[in-house]
Amino acid sequence: MAENKEEDVKLGANKFRETQPLGTAAQTDKDYKEPPPAPLFEPGELSSWSFYRAGIAEFMATFLFLYITILTVMGLKRSDSLCSSVGIQGVAWAFGGMIFALVYCTAGISGGHINPAVTFGLFLARKLSLTRAVFYMVMQCLGAICGAGVVKGFMVGPYQRLGGGANVVNPGYTKGDGLGAEIIGTFVLVYTVFSATDAKRNARDSHVPILAPLPIGFAVFLVHLATIPITGTGINPARSLGAAIIYNDEHAWNDHWIFWVGPMIGAALAAIYHQIIIRAMPFHRS
């Protein structure tokens, strides 16, 4: 009888491998199918309420983003010294924290883009249709204009005197410096978005979708810490456009192209790097 029990224990112990593979090798049993690319045009979207609901979510998120962040910037510039205000770190936390909160709130509705550069990068990767991408960008820009407009309504005089939170290339830097900072900063952000929302990672690790807003917000925080002294940190064309339109100063408009060209190039490079180098999508066999 004892021998039979010992044999049962041995059989039970040998049912499983002594060591489990780490990383992606441990997930080979899970069936993963690459989602099909989004169509370039999807006319059916225009008759769907979820399409317009997503656009409204992007508008509201970008509105709140500009409202909180531009108010924070105004508070910093209004202070007599950095010690009596939130400082650059506080401004960076305001931008990163709002992205964290707003991506968390809107990810299940619109994907939580809140940024035309993010939308552009995801469009290049065929994650959404051209119809949806254009609609998102328009709603993001409108939300940003309204958000900055509300801030100006609260402080009309100080808003113009303190620069309106508009992005410009700061003294001591060239336009090339500003463009480079915007390209690299947006690359960091959009690459983080791709990595944090990767469908293959989501299939392997169930916690990834819940945690996605955290690295995205943290990336925004770090980029602001690095590039506020150079350009005030754009990396979001809607944010730059909203502040520029409401501030409406010649200096802001002279530099404004940098805050569209730079982020779009950075987003395109991030999409190419993630899709071709990291995921090797062109080499996948159907």
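For all residues, glycine too, the Cβ spot is worked out from N, Cα and C.
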Practice task
Would you say whether Swiss-Prot puts T131 on the same side of the membrane as D198?
Solution key: yes
Problem - Any contact, the transmembrane segment (90-110) to the transmembrane segment (210-230), with at least 3 Cβ pairs under 8 A - result: yes
Handout entry: Highest-contact recorded stretch vs the transmembrane segment (176-196), from 56-76, 134-154, 210-230, CB pairs under 8 Å
Key = 210-230
Fill in the blank from the handout: If one takes Cβ-Cβ under 8 Å and requires six or more residues beyond its ends, the residues near the transmembrane segment (134-154) are 51, 54-56, 58-67, 70-71, 74, 110, 113-116, 119-120, 128, 164-165, 237-239, 241-243, 245-247
Practice task
List the helix, strand and coil residue totals of the topological domain 'Cytoplasmic' (111-133) as derived from DSSP.
Solution key: 13 helix, 0 strand, 10 coil
